[in-house]
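Engineer: Below you will find the structure I want to go over with you.
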Amino acid sequence: MQNPKPLVIVLLGPTASGKTDLAIQIAKKIKVSIHNIDSRQLYKGMNIGTAKPTIEQQEEIKHYLLDLKDPNNPITLHEFKKEAELSLKNIFSKEKCGFLVGGSGLYLKSLTSGLCPPSVPAQEKLRKEFRRLGQKECHQILKKCDPIAWEKISPRDSIRTIRALEVFYSTGQTISSLKTLKPPDWNLLELGLDPRNLQQRIAKRTKILFQKGLIDETKALIHQYGEDLPLLQTIGYKEACTVIKGEYSITEAIEITTQRTNQFAKKQRTWFRRQHNPKWLNEKNSLEEALSLIQNVIG
């Protein structure tokens, strides 16, 4: 008799939708740990700007896939997938199911749909050369060698741009052509959280991040890794850098961060509706609805 397939529950949604709080409530009720699927929370020292679960929250419920690397040592999608699958395999032997929580669409897809990114190791010499050229030039080079990846990668996203170029110059093949799908042998339950007042939630959370010390956190990252750290170009940190340099006031930085976060949330919503098929939870009774759906699957 074959062993039943393990169950993996996913809670996905755009940034600031309330995933972390709901996930902790769910995890407490069904007695499982949480695997965070957030591309920036993988890095040490990036706590406030990424709204990483607090120490208190991590003490309440065990969290995995946090603080895997230093910010100056980018993790590839292949490395993340390997780490996450190994962690889930260990969880399946101890808990009733795996529980993935996050809003990083490509990272989620690598696990839930079995997206297999190329296993090309980091090429530090190439990366240094690409950084010397600058993001604008690199993105134009990408347009010529991998138009498909160029269309999908934001002109501001230096990490993914450099990775795509790294794969091309290392293998002679585009990162787009090397990605394949190998669905995992799991039963999957995807739950979605997308509150109607998301813009208000984003505005409120952005103010809180700055109040909690985002500028000091950014100063610490600059001190340790230098102001050219690519992750300092991401939402929140880039705006904090402008305050540190005296280019913008805190009020202006908060306003710009809010705008960029809203734009990002819009992209997340589009991705989730095209790439996933979750059961969208009613925001008024999301916990009860989630537990009911989970119970129907667990039995």
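Cβ atoms are placed via backbone N, Cα and C, with glycine included.
These came from Swiss-Prot, pasted as-is:
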- GLY13, PRO14, THR15, ALA16, SER17, GLY18, LYS19, THR20: ATP binding site (BINDING)
- THR15, ALA16, SER17, GLY18, LYS19, THR20: substrate binding site (BINDING)
- 38-41: region 'Interaction with substrate tRNA' (REGION)
- SER104: site 'Interaction with substrate tRNA' (SITE)
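Show me how these features fit into the structure around them.
Structural biologist: Taking Cβ-Cβ distances under 8 Å and a sequence separation of 6 or more, the neighbours of PRO14 (ATP binding site) in its chain are GLY103, ASP194, LEU198, PHE264, ALA265, GLN268, ARG269, PHE272. Classification of PRO14 (ATP binding site) by DSSP places it in coil, neither helical nor stranded.
All protein chains included, GLY18 (ATP binding site) registers 17 other Cβ atoms within 10 Å of its own Cβ.
Residues 49-50, 52, 65-67, 102-104, 106-107, 231, 234 of the same chain, all 6+ positions outside the region 'Interaction with substrate tRNA' (38-41), place their C-beta atoms under 8 angstroms from a C-beta of that stretch.
For SER104 (site 'Interaction with substrate tRNA'), the number of other Cβ atoms no farther than 10 Å from its own Cβ, over all displayed protein chains, is 21. Secondary structure at SER104 (site 'Interaction with substrate tRNA'), as computed by DSSP, is coil.
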Engineer: Long-range neighbours only, meaning 6 or more apart in sequence with Cβ under 8 Å: which ones does LYS19 (ATP binding site) have?
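Structural biologist: LEU11, LEU12, GLY13, VAL101, GLY102, GLY103, LEU193 - these are the non-local Cβ neighbours of LYS19 (ATP binding site), listed in sequence order.
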Engineer: Between 0 and 100, where does the mean pLDDT of the region 'Interaction with substrate tRNA' (38-41) sit?
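Structural biologist: A mean pLDDT of 97 is what the model gives the region 'Interaction with substrate tRNA' (38-41).
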Engineer: Determine which residues of this chain, when THR15, ALA16, SER17, GLY18, LYS19, THR20 are set aside, have a Cβ within 8 Å of the centroid of the substrate site's Cβ atoms, and list them as they appear in the sequence.
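Structural biologist: Going along the sequence, the neighbours come out as GLY13, PRO14, ASP21, ALA51, GLY103, LEU193, ARG201.
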Engineer: Count the other Cβ atoms sitting within 10 Å of the Cβ of THR15 (ATP binding site), across every protein chain shown.
Structural biologist: 21
Engineer: What is the three-state DSSP composition of the region 'Interaction with substrate tRNA' (38-41), stated as helix, strand and coil residue counts?
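Structural biologist: Per DSSP, the residues of the region 'Interaction with substrate tRNA' (38-41) fall into 0 helix, 0 strand, 4 coil.
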